[in-house]
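Structure first, then comments.
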Amino acid sequence: MNYKKDENWMKIALKYAYYAKEKGEVPIGAILVFKERIIGIGWNSSITKNDPTAHAEIIALRDAGKKIKNYRLLNTTLYVTLQPCIMCSGAIIHSRVKRLVFGANYEKLDSKYCLKNIFLNAHKDYKLDIKKNVMKRECSNILIKFFQKKRKR
């Protein structure tokens, strides 16, 4: 997959991050792509849904699973504006997403829980292709500005 194509998909995920921001949510967006088609979309909704599991990635995976009527999301690519947390990483592993592309790094995540360690040790028959830092500046800036504004209140 070339960088330009990944960037184009990430721009769509970023639109969902802005949508989350408009709703007062932490601005994270995600899309799941299969054969050049979006099959799942998600944005953070934990606050509005009063649901700690309503992360952008989880919502996109659920959306796709319902559409294809299968929890296994083989040969798909998940685009997400922020590096997935541990919970979302577990869902990615369980659903067997083939490829993960993310923008901003989750700096607060302890290195022993980093994606590399989680995915390397997840399952001997499962390998995930990870591409990071796609549109990193744009994906980071929306989060930085969101939290700066929140802290001023």
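Placement of Cβ uses the backbone N, Cα and C atoms for every residue, glycine included.
Annotations in TrEMBL come from automatic prediction, not curation.
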HIS55, HIS94: which one does TrEMBL list with CYS85, CYS88 for the Zn(2+) site?
HIS55
List the Cα distance (Å, whole number) between CYS85 (Zn(2+) binding site) and GLU57 (active site, proton donor).
9
Which residue, of the binding-site residues CYS85, CYS88, has its CB surrounded by the fewest other CB atoms within 10 A?
CYS85
Chain-mates of HIS55, CYS85, CYS88 with C-beta within 8 Å of site centroid, Zn(2+):
ALA56, GLU57, ILE58, PRO84, ILE86, MET87, SER89, ALA91
